[in-house]
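What TrEMBL says about this protein:
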- 42-239: domain 'ABC transmembrane type-1' (DOMAIN)
- 42-68: transmembrane segment (TRANSMEM)
- 80-101: transmembrane segment (TRANSMEM)
- 130-150: transmembrane segment (TRANSMEM)
- 171-189: transmembrane segment (TRANSMEM)
- 218-238: transmembrane segment (TRANSMEM)
Amino acid sequence: MLALGLPLLFILGKSVLTMDGDFAGLDNFAEVLASPGLMRAAGNSLLLALTVSALVVPSAFAFAWALCRSRAPGRGAFRQIALLPLLAPSLLPAISLVYLFGNQGLLKGWLGDGSVYGFWGMVAGETFYAFPYAFMLLFTSLSVADARLYEAARAMGAGAWRRFATITLPGARYGLASSALLVFTLVMTDFGVPKVVGGDCNVLAVEAFKQVVGQQNFPRGAVVGLMLLLPAVLSCFIERAMSRRQRAALSARSTPFSPSRARRGMRLRLPCWRSWPSRCWR
């Protein structure tokens, strides 16, 4: 608690002081709210977080659903590959984008007259950075499904789409909401990607760095830091409210869901690989 509380108290104390150390009350907050540049940075941060969340959560859900509901070979390898970005900071995807699509990048010609620096460059970097976090939550949420619900729905004649809409999605709604809140908070407060590929598109995390390091304006930087704290606090309250309504996905009598094998008529028929060499050499 001390490791979390003391820095927050220090930031809160700095936000109500002037640069000379005198008490300023809420003047710093009013100054920040009246600054067009900071409000533009707040709007860019909000738009960036919403855009990345709209891209990451559906794609992570589709990938997690494909791994949980199929018997495709190599599922474990694909899962580990999807989690690899967890081992790297957010600076890594941003630097990779610069090496590939920067002004001297290897694939600069693919962008034509476009540039990797700016809003969409940040979207690409943040999407790569936040994807494994959403995937990890959604994979866990889908893997605890109760097979009895699917068996009962199948016995009642429910089709695949109806089972998906009435069992899979309602069962994963808590994971979907949690992953959306997590991705939104991660992107809203991230500094690495906007600093490297942000270009002229300023965000709150970079603005806080500029205020503290560039201008040595610690009170104003503390106010921006408190603004970045709001999404995390809001996400915490929303998650707690949802967890109270969430019931246990599995009980003592639950049966873990296991994807069934495809029917013989639905399997993809391929020519016999062993007969190909003999056919080619004849």
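Yeah, the Cβs are placed from backbone N, Cα and C, and that goes for glycine too.
TrEMBL labels come from automatic prediction, so no person has curated them.
Same-chain neighbours of the transmembrane segment (42-68): 75, 78-79, 82, 119, 122-123, 126-127, 130-131, 134-135, 138-139, 141-143, 145, 168, 172, 176, 179-180, 183-185, 187-188, 194, 201-205, 227, 231, 257, 259, counting only residues six or more beyond its ends whose CB sits under 8 Å from a CB of the stretch. Same-chain residues lying 6 or more positions outside the transmembrane segment (80-101) and placing a CB less than 8 Å from one of its CB atoms are 63, 107-108, 110-111, 116, 121, 124-126, 128-129, 131-133, 135-136, 190-193, 195-197.
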